[in-house]
């Protein structure tokens, strides 16, 4: 039905007959001559319909946007002055000899070149939305990335092995999606949050190097970078050290970027310990494009009269930091007020600041309502540690460490991505990858009064920290590593526990008793007793990687049929009710939703 794609018709085909198939992107009637921009996945070509072929011309008169067409004609050069340098086919046009309407279209609900559509409209009419050139580009980029990953891993001796989609519920992380079993009444499968345990058992089975590009499922509240079902590049290896694993997959990401986008990432990614990342940036996924970082002031603020600073400085788990913004004294009071409201989102009670007008004058060269509350030694230490220069502004965070890290880390990004930062060289438009390593093994859950795994409970502690599993879990450092790119964690992995006695100690540190561990993870504990090899791996979020490469606002723009932030598919209207017969077969009875009790009306005078 065609000899070429529309976007591949160029001047090299001048004088040749072509058969094209595609959609009417736009139809124009110019003085009795009809022009149709014919579109397919490769691009557009201009089709000219002259009235000297009456039968064909009559068909052209009835064509409307999104009609599916077949065109037969001759490639000719466009008249002088009518070429379009923005199109690959912009120097030629096709003189139509035969025009067939393969299928008409009702009037589309929107123009495909409308850039102001709501996401609801786009997802409801996803079939049409996917015809848009940007969406075609995004999904083809996704395909190219996946193919480059496969090529690289195949060349490195990895084997693509599928693991089950129906598995056992082990609710240690996000909520599982549960699937009721019809055959085993009252029992449930879970959709996998990752193939973690299966890939570890494949290592025990001797497969040595495994990968798959697979769907994973998590029933969690959604954000711009989350979906209930997402695609993971999942990898595991045996007999490689942590450094060897990182080197292997660092090269994979370099290869993917080079071969799909002609982007050369750093020859060697920098490596930063978790502790350093939190100290300098308040985040374990720092965006290194932003040239701002924290100045630690906790110890220097212990004896000041300003309780906003001295309180957290003397409290266990408190922190005081400054964020120096070079040239920031030019920010208006309105800018500062906006930043103050912004940090309140993250739990900060306010945002102290000092404008540095003239460093040499000390206290007298500073502009701020808080200067009067700080003694000279404290002011001198702030200026010295921060490296403040004339014309700078210093923002301060003082609270519990988590609040300071969250609020000031977010402020760093907010300021760093602003027009002000971009115009003053505080933001570098580049690809900035790094590894973050040496994560804490555990973090303490105050609500449940127990330790929880920072990554997952199958991550190995550093060899020298094994003793802390039973004496002081908070001191344990894990053999875990994240690959971070421009402030996004695109991959995370670890060296795994491969000895049963160590895995059991980790479960006990997590307050998972031997009986519960046996019930939930007995298959793993048994497998580890059969000469399990040292192994480790990593998983990359394909959706996130492609989102970054495409410059998209959301991962929904790189997934063909995504869910909304309410976990709904607006195209198919899923999820949806099912009939009573299906529920009976699954041994399920629905309870009526509990009515919400209305709040009592306020009394009126």
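Please read every residue number as a count from 1 along the shown chain.
For all residues, glycine too, the Cβ spot is worked out from N, Cα and C.
Small disclaimer: the values here were computed from a predicted structure and weren't measured.
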Seminar exercise, completed: ATP site partner of 218, 219, 220, 227, 541, 542, 543, 544 according to Swiss-Prot, chosen from 162, 293, 489, 594, is 489
For this session: Look up region 'Aspartate' in Swiss-Prot and report which of 188-191, 192-195, 196-199 it refers to.
Result: 196-199
Problem set entry | For residue 455 (L-aspartate binding site), nearby residues of its own chain (Cβ under 8 Å, 6 or more apart in sequence) | 439, 478, 480, 492, 494
Problem set entry | Proximal residue to residue 489 (ATP binding site) among recorded positions 30, 81, 218, 496 (C-alpha distance) | 218
Problem set entry | Nearest recorded site to residue 30 (site 'Important for tRNA non-discrimination') by CA-CA distance, among recorded positions 81, 220, 542, 544 | 81
Exercise. Could you tell me the C-alpha distance between residue 496 (L-aspartate binding site) and residue 81 (site 'Important for tRNA non-discrimination') in angstrom, no decimals?
Worked result: 65
Problem set entry | Close in space, distant in sequence - residue 81 (site 'Important for tRNA non-discrimination'), Cβ under 8 Å, 6 or more apart | none
Exercise. Across all chains shown, how many C-beta atoms besides its own are within 10 angstroms of the C-beta of residue 544 (ATP binding site)?
Worked result: 20
Exercise. Three-state secondary structure of residue 544 (ATP binding site) from DSSP?
Worked result: helix
Exercise. If you count Cβ atoms within 10 Å of each one, which of the recorded positions 30, 218, 496 comes out on top?
Worked result: 496
Exercise. Mean pLDDT, the region 'Aspartate' (196-199)?
Worked result: 97
